[in-house]
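> As listed in Swiss-Prot for this protein:
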type	residues	note
BINDING	G11, T12, G13, K14, T15, A16, R117	ATP binding site
BINDING	T15	Mg(2+) binding site
BINDING	D33, R57, G79, R136	substrate binding site
Amino acid sequence: MKNIVLIGFMGTGKTAVGRRLAGRLKREFIDTDAEIEKVTGKTVAQIFARDGQIRFRSEEALLVRKLAGKENLVISTGGGMVLNPENVRLLKENGVLIALTADPEVICRRVKNKKNRPLLMRGDLRENIKALLKEREGVYDVAEHKVDTGSMSLDQAVENIIHFLKEHNYIE
């Protein structure tokens, strides 16, 4: 069975939804940021600070190549994973992409106390979020389905995804 790949901006709930969805579907859950941290022995913030965004994106690309050959996973990606068209191609080869969305205010509320968001660390948080969202406009349109996690509970988001997957014969 195809992988279920959650994409979307940081703070949209990919990890929380992914964990719950994997539990409901009895599938293995993979959080790409956590996997990269495990492989490198550094946090995402440390990789960005010490090695730069380019190094982090190359770690993402290596991981995607590894995951593309697997099945029955629920994969939660980093917010910028889909900036690389090759990542998108590989993830779509054996996966269905689901984009999680939320408005800037919801994202701001969710990430404001987290120190592991290197792209938001400088300047005004709300303005950084709005600028990055504008910069990434359309990037998440590669998904087969979108879920606004800002307008529903975690369980409602999971149910929405399961309904979509059943309706389109990705799961039984």
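Every residue, even glycine, has its Cβ placed from backbone N, Cα and C.
Not measured: the values here are computed from a predicted model.
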> What's the number of neighbouring CB atoms sitting within 10 A of the CB on G11 (ATP binding site)?
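Taking every protein chain into account, the count is 23.
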> Spatially speaking, which of the binding-site residues G11, T12, G13, T15, A16 is closest to D33 (substrate binding site)? Use C-alpha to C-alpha, please.
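It is T15, whose Cα lies nearest.
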> Near T12 (ATP binding site), which residues of its chain come within a Cβ-Cβ distance under 8 Å, counting only those 6 or more away in sequence?
G79, L100, T101, A102, I107, T149, G150
> Just name the most isolated of the binding-site residues K14, R57, going by other Cβ atoms within 10 Å of its Cβ.
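Counting other Cβ atoms within 10 Å of each of the binding-site residues K14, R57 gives the minimum at R57.
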> Restricting to the same chain and to sequence separations of six or more, state which residues have a Cβ under 8 Å from that of R136 (substrate binding site).
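Long-range Cβ contacts: F9, G79, G80, L83.
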> Taking D33, R57, G79, R136 as the record's substrate-binding set, what's the max Cα pairwise distance in Å, rounded to a whole number?
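The substrate-binding residues span at most 19 Å between Cα atoms.
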> Which ones in the same chain are close to T15 (ATP binding site), with CB under 8 Å and 6+ residues apart in sequence?
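Within the chain, T15 (ATP binding site) has Cβ neighbours under 8 Å at D31, S76.
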> May I ask for the distance between R57 (substrate binding site) and K14 (ATP binding site), taken between their Cα atoms and rounded to an integer number of Å?
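Taking the Cα atoms only, R57 (substrate binding site) lies 18 Å from K14 (ATP binding site).
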> For A16 (ATP binding site), what residues in its own chain, 6 or more apart in sequence, show a Cβ-Cβ distance under 8 Å?
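Non-local contacts for A16 (ATP binding site): L154.
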> If one looks at the chain holding G13 (ATP binding site), which residues at least 6 apart in sequence have a CB under 8 angstroms from its CB?
L100, A102, R110, T149, L154, A157
